[in-house]
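What Swiss-Prot records for this protein:
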type: ACT_SITE; residues: 50; note: active site, thioimide intermediate
type: ACT_SITE; residues: 57; note: active site, proton donor
type: BINDING; residues: 72, 73, 74, 91, 92; note: substrate binding site
């Protein structure tokens, strides 16, 4: 690879980086409105940066929700979650922001997010955020 080609490659965003930069939560119409059911999504590779040290924080996100009028599209939530990888944000703020954004986009009947962060310095943090009232399924 020539020096010019190498320079161009480092300046041109990769297709995955472009997709993450353009990420937004996309929802589609609930195929079974009026029926109580739950959707469970696990995102095991979440990363963001500690706002105090700048070190990366890693977590498993576990989302359980009961759809309202809309259901979140899976690729969209994957890209949306990946958009946090370079953001400096606390565990508590990122967990609440994700819930706020999901509620704004999909209007679920009930939603719970569990953000299970990898231990660092002998401290293990789990943040749980809920919205709405869970209905029996």
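Cβ coordinates are placed from backbone N, Cα and C, and glycine is handled just like the others.
The shown structure was predicted, so the numbers you read here are calculated from the model rather than taken from an experiment.
Everything Swiss-Prot records as a feature, shown here on the structure.
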residue	record	contacts (Cβ under 8 Å, 6+ apart)
50	active site, thioimide intermediate	56, 57, 88, 90
72	substrate binding site	25, 26, 27, 39, 41, 65, 102, 105, 106
73	substrate binding site	25, 26, 27, 28
74	substrate binding site	41
91	substrate binding site	57, 59, 115, 117, 125, 127
92	substrate binding site	127
* Once the DSSP letters are reduced so that anything not helix or strand counts as coil, what is residue 73 (substrate binding site)? -> coil
* **Site extent for substrate (largest Cα pair distance over 72, 73, 74, 91, 92, Å)** => 24
